[in-house]
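What follows is a short report on a single structure.
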């Protein structure tokens, strides 16, 4: 091969790789940002605040389906809108669709604190997705309980599942007004 | 197209030579530049395949050995597939590639890529299976069985199996055990292999997920590779054959096993065949239609006629010698860079052996030569190998130019392209071509013989750019 051909090959390849790497870095920052922000990505808000199993708390959601996964829904769902800190009950997030299947989570809130996160649906297309989901879900649950918000890092190797999980979680949080 | 100014004065002649030289230099520079760009494009496409993964943010997913293996598995799959698509483009006989580097070089590159591409694809399958198994904590066999149950994945495995078959049958040692047709038929499976691999790439790959730029690019690559094959190997030849309506008009026996086939048709000059080129011919008779033959033009086509000359080197070409006048012929081409347009030097040195005379005859016919510009050496083993020799001396362009003949067998146990008798007389490549270093050397004949000519020319200091070879190794 001629020197010029070698030089051209190296230069063009390096440029292409650099651009790809740069895009990857940018994408990662955006991924984390979008997963952690608001519930604007929620595809179909099917918020159905269900009465909590511990009915004696008295502050359980009234059962009115929220029209949208916004904070307004939380206001109607909660009898005591003045202090969000006192919210209790189970709130189900919107279904978030990915190409590997739908994801939906519900949260259990006691006195304004997230006490549990339950995955109702997880990515399940193909065996591979199931195994990824099973690995990612406990990690995400732990992190959410620790952070008390959707502002957590996605699990590596399970980007789709994580993003959808956190999106659904955010919509549940919005309903709870947290 | 030769435009000869009546008695050219010495000065005018020199000016003309200078301008021809300049044109050649410019053309040659442009060709090398395009060739360099094509090579760079090949490597950039490989880099782009890796970049698809980088842009997807793949690096952030690599945290441990399992995810590392998975990442390498994904990248090998992307690069391997990219190489296979490059191979398809190289085999598509695209005129632009043929003009710049020639089909020979393109196919040599195609062959070189075969094994690396296969290894990459194999690594893709193995690494991803191990990587996934490690992540899941399941075993490899169980996971492979699971993969087989997914329809897209099963297709992927089918593609892999076909690919192994194609590469294994193409490895030279194995290829000899097959007839060319059987090998070629298996080789066509590579198209199927690449296509069956597509569904699992589009459905299972995160890199090529729906709605991403990567997916668009990847599908574009497939369209480009298969489009090039469809257009240049099927559409163009079919249209061209239909338009020119070529038929055999006469078959002329020149020597035992050597025939000139005269063809007639419409607008054959519009094929813009350059002297020295070949085309791939198909003769539509019951016994020959399934075999396409690359045969050189032995004369530059006129509007209504063309002539090709062939020697029966294989079973197929023997049958070609028996076609009857009136037989329909389809054409793919013309191809080849054994032409005047590819010259770079002020003089011309030509060596032809046996049937290698065919492209040399049309090359010289098409060249606009000054007296003393060209020297031609015709090489024959015996009197039976002197066909078309008489025509060389009669060409108008050969006026004032020398033709040598070197007749007789090669000496035993000695690697030389000359005859024993010529060697004994002390003939060498520089004695027949005194101006070799400032000449374009055109060599056409059997491969092993041509290699010896090139060896001598290189030893005499001739740069590779000035050597033009047409091989007969099909």
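Just so you know, glycine gets a Cβ as well, placed from its N, Cα and C.
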Look up transmembrane segment in TrEMBL and report which of B:185-204, B:245-264 it refers to.
B:185-204
Do you know which of B:9-26, B:99-116, B:117-134 TrEMBL annotates as transmembrane segment?
B:117-134
Overall pLDDT for the domain 'FAD-binding FR-type' (B:241-341), taken as the rounded mean:
88
Taking contact to mean 3 or more CB pairs closer than 8 A (sequence separation of 6 or more), are the transmembrane segment (B:117-134) and the transmembrane segment (B:34-56) in contact?
no
Tally the residues of the compositional bias 'Basic and acidic residues' (B:11-23) by DSSP class, grouping H, G and I as helix, E and B as strand, and everything else as coil.
13 helix, 0 strand, 0 coil
